[in-house]
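Quick look at what TrEMBL lists:
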- Cys68, Cys71, His72: heme c 1 binding site (BINDING)
- Cys213, Cys216, His217, Met298: heme c 2 binding site (BINDING)
- 199-323: domain 'Cytochrome c' (DOMAIN)
- 1-24: signal peptide (SIGNAL)
Amino acid sequence: MKTIRRARGALSIVLATAAVLVVAQGTHRNEPIQPLPDQATDVDAAKVKLGARLFADKRFSADNTVSCQSCHLPEHGGADPRRHSVSAFGKVRELNSPTILNVRYNTSGLNWTGRTRDLDAQIAGSIGNADTMAHDWGKVMQILAADPQVVAEFKAAYGGDDAVSQKNAMHAIVSFEKSLVTPSRFDDWLKGDDRALTAQEQRGYDRFKAYGCVGCHNGINVGGNGFMKLGIAGDYFAEREKMGRGAAVELDKGRLLVTKKPEDLHVFRVPSLRNVALTAPYFHDGAVPTLDEAIQLMGRFQLGREIPAGDRQDIAAFLQSLTGKQYEQWAASPASARALGGFGLPPAGGR
């Protein structure tokens with residue numbers, strides 16, 4: 001109960017802080033969630049195009065079977081529709097890969113435990129990691145340097161005879177990832193458009209706040225900015241096993257694996273809820289197949305409350321309003337240029 005009271009106290013602080021920030025900025029509604037910008041303005045189109053190609057290139061894995069995009073699919077909101085993601089050589093992991101969309105706004109790390117702090121570190125370490133690509137950066141760059149089309153894109157993006165380099169490859173992929181900003185109808189509402197939400201979506205947002213969901217899922221990314229124990233009000237892991245969805249695994253230890261602190265057992269990064277209607281299955285373990293059940297279990301194990309079906313439907317409607325308007329264009333465009341399929345990029349010549 002003390003933990004629940006602390007969580008509710010944190011909610012009060014979040015709401016008060018949001019009020020101060022919004023009044024100071026005077027640019028959007030007085031809410032604990034802030035709107036996304038219309039587009040990324042600090043990335044260069046040629047670099048993003050190259051980054052999109054590399055993001056989808058399976059030659060980054062040692063056995064040529066998986067790319068970054070294999071676990072971050074545009075048609076599934078930048079996430080993985082499989083319960084457990086699969087890496088090079090068919091290795092099945094213990095986790096469900098979270099969305100890559102709006103990842104630049106995650107301030108508490110980029111994976112479930114917060115082990116990797118930023119995009120540069122993520123891409124630098126993923127290639128040689130036996131749990132992901134199981135490859136070697138030097139060999140990857142040799143392969144890319146032998147591909148005339150890829151070389152041409154490197155030169156178009158970076159210029160010079162030494163354009164094909166690990167540094168530039170990493171920068172291009174990070175540029176692509178930073179370009180994936182997906183403002184939604186809810187952002188339009190935050191900016192003052194009263195017609196942007198339906199009555200049910202507005203009601204769902206009100207319930208989302210009233211139940212206390214916004215205590216963790218707040219800020220510009222509706223999450224991604226802190227850590228929280230999974231199972232504040234009950235034993236989620238015992239319930240998962242009871243439902244036949246898996247016994248305990250190493251990843252269930254959560255942030256304890258990073259900090260080695262006992263109090264971080266079962267603590268995970270709070271995920272962003274942007275585009276969440278597209279990113280099933282849910283939770284770090286991918287054990288929850290539907291959005292409705294995710295809302296139900298969050299109420300039970302995080303808030304200590306059983307959320308009625310009607311309220312869950314309203315909250316789900318609100319969460320659907322967080323689906324980015326530009327998502328469809330990325331999903332429909334070719335893999336080598338998905339970043340340019342509607343993400344409103346600035347002209348070449350930026351960062």
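In case you wondered, yes, glycine gets a Cβ from its N, Cα and C as well.
Feature map: annotations from TrEMBL on the structure.
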| residue | record | Cβ neighbours (10 Å) |
| --- | --- | --- |
| Cys68 | heme c 1 binding site | 25 |
| Cys71 | heme c 1 binding site | 23 |
| His72 | heme c 1 binding site | 23 |
| Cys213 | heme c 2 binding site | 25 |
| Cys216 | heme c 2 binding site | 23 |
| His217 | heme c 2 binding site | 27 |
| Met298 | heme c 2 binding site | 24 |
Could you state the CA-to-CA distance between His72 (heme c 1 binding site) and His217 (heme c 2 binding site) to the nearest Å?
21
Assuming the binding residues for heme c 2 are exactly those in the record, Cys213, Cys216, His217, Met298, what is the maximum CA-CA distance in angstrom, rounded?
12
Quick one: which residues besides Cys68, Cys71, His72 have a Cβ within 8 Å of the heme c 1 site's Cβ centroid, in sequence order?
Phe55, Ser67, Gln69, Ser70, Leu73, Asp80, Ser97, Ile100
Can you list the residues of the same chain, besides Cys213, Cys216, His217, Met298, whose Cβ falls within 8 Å of the heme c 2 site's Cβ centroid?
Phe208, Gly212, Val214, Gly215, Gly223, Val270, Leu273, Gln302
So how many of the residues in the domain 'Cytochrome c' (199-323) end up helix, strand or coil by DSSP?
62 helix, 9 strand, 54 coil
Between Cys71 (heme c 1 binding site) and His217 (heme c 2 binding site), how far is it from one CA atom to the other, in Å?
23
How big is the gap, in Å, between the Cα of Cys213 (heme c 2 binding site) and that of Cys68 (heme c 1 binding site), rounded to a whole number?
31
Cα-Cα separation of Met298 (heme c 2 binding site) and Cys68 (heme c 1 binding site), in Å?
29
Helix, strand or coil at Cys68 (heme c 1 binding site) [DSSP, three-state]:
helix
